[in-house]
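A.B. asks: Please find one structure pasted underneath; my questions will follow.
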Ligand code: NCD
């Protein structure tokens, strides 16, 4: 990887992505071979926002590499409550850990924090900005189920505030992918994300109705409306409950359609899809382990050199 840190999916080349995905496949084939790989190393977990999957899968990934983790714990019981700045927190944790995973409600927080530390830092979500390690596990799941070239993907839901969408859309420009974005008008992709996609020469189409494009899709990536990021609860209520899919919706899709979701889901995917061959979101969440093991392995090994 060309970077010491992983801050944005926009910094990942096709080679970087394939290096992580190939390493993850190796780990999936023979996890035992990596069991002592980073014995004695410590990963710092600093989560300033709620998390289940990301926190637990980084924790598990580090332990499966033979390492250990130190967790800042909830913000309420940390020194952040006493007014400590993010810069100070990460500088302190740098003294305890060999790498750092940071989630923060402010867009740009990881970029800023990375300026204060020399150990590898992974952005595990910065507000409505980026979530690049999620993107790597999304790409791994897509590669396993549909292949990453000659792919038609629909990305649906909260495209404005959804950081997993911003990261995934950018990373997909490295591949031969046609991207369809489905959302209410008020939750379209932010202008800067659209601009970057066009600048990268991506094939991008926007829709307000899933029906317009569903039969063409190989992958449908569904996202949650990011309620916590709406400045006004009324604006949330206007779009809540839209863009739900159920087994009947998918009758118009091909048999091979792969349905993904970064989770947690609220009501966007009906449980009646869970037992169909389309449902890939739990497999996607499980892929967080080999992919985050691969990412940590690459970053920690690079830092040793
Ligand atoms: C996502 C996130 O935090 O951005 N969750 C995750 O990491 N899997 C998606 C979401 O919260 O909707």
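Glycine residues also receive a Cβ, built from the backbone N, Cα and C atoms like all the rest.
In case it's useful when we look at the structure, here is the feature table from TrEMBL:
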DOMAIN    5-144  domain 'Aspartate/ornithine carbamoyltransferase carbamoyl-P binding'
BINDING   53, 54, 103, 131, 134, 263, 264  carbamoyl phosphate binding site
BINDING   82, 163, 224  L-aspartate binding site
DOMAIN    150-298  domain 'Aspartate/ornithine carbamoyltransferase Asp/Orn-binding'
A.B. asks: In DSSP terms, helix, strand or coil for residue 103 (carbamoyl phosphate binding site)?
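C.D. replies: DSSP call for residue 103 (carbamoyl phosphate binding site): strand.
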A.B. asks: Of the binding-site residues 53, 103, 131, 134, 264, which one has its Cα closest to the Cα of residue 82 (L-aspartate binding site)?
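C.D. replies: Answer for the nearest of the binding-site residues: 103.
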A.B. asks: So around the carbamoyl phosphate site, 53, 54, 103, 131, 134, 263, 264 aside, which residues have their CB within 8 A of the centroid of those CB atoms?
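C.D. replies: Once 53, 54, 103, 131, 134, 263, 264 are set aside, the remaining close residues are 51, 52, 124, 125, 164, 262.
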A.B. asks: Using a 10 Å cut-off on CB atoms, tell me which of the binding-site residues 53, 103, 131, 163 is the least crowded.
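C.D. replies: Among the binding-site residues 53, 103, 131, 163, the sparsest Cβ neighbourhood within 10 Å belongs to 53.
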A.B. asks: Would you kindly give the Cα-Cα distance separating residue 163 (L-aspartate binding site) and residue 53 (carbamoyl phosphate binding site), rounded to the nearest Å?
C.D. replies: 15
A.B. asks: Could you tell me the mean pLDDT over the domain 'Aspartate/ornithine carbamoyltransferase carbamoyl-P binding' (5-144), as a whole number?
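C.D. replies: A mean pLDDT of 96 is what the predicted model shows over the domain 'Aspartate/ornithine carbamoyltransferase carbamoyl-P binding' (5-144).
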A.B. asks: Which binding-site residues are spatial neighbours of residue 224 (L-aspartate binding site) here, meaning Cα within 10 Å, out of 103, 131, 263, 264?
C.D. replies: 263, 264
A.B. asks: Measuring Cα to Cα across 82, 163, 224, which the record gives as the L-aspartate binders, how far apart are the two most distant ones in Å?
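C.D. replies: The two farthest binding residues have Cα atoms 33 Å apart.
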A.B. asks: How many neighbouring Cβ atoms, not counting its own, are there within 10 Å of the Cβ of residue 82 (L-aspartate binding site)?
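C.D. replies: The answer is 6.
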A.B. asks: Residue 134 (carbamoyl phosphate binding site) to residue 163 (L-aspartate binding site): how many Å between their Cα atoms?
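C.D. replies: Rounded to the nearest whole number, the Cα-Cα distance is 9 Å.
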A.B. asks: Rounded to a whole angstrom, what is the C-alpha distance between residue 54 (carbamoyl phosphate binding site) and residue 163 (L-aspartate binding site)?
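C.D. replies: Cα-Cα, rounded: 13 Å.
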A.B. asks: Roughly how many angstrom lie between the C-alpha atoms of residue 264 (carbamoyl phosphate binding site) and residue 163 (L-aspartate binding site)?
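C.D. replies: Cα-Cα, rounded: 14 Å.
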A.B. asks: Whole-number Å distance between the CA of residue 131 (carbamoyl phosphate binding site) and the CA of residue 163 (L-aspartate binding site)?
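C.D. replies: That separation, Cα to Cα, works out to 6 Å.
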A.B. asks: What is the maximum Cα to Cα distance, in Å and rounded to a whole number, among the residues 53, 54, 103, 131, 134, 263, 264 annotated as binding carbamoyl phosphate?
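C.D. replies: Of all Cα pairs among the recorded carbamoyl phosphate binders, the widest measures 16 Å.
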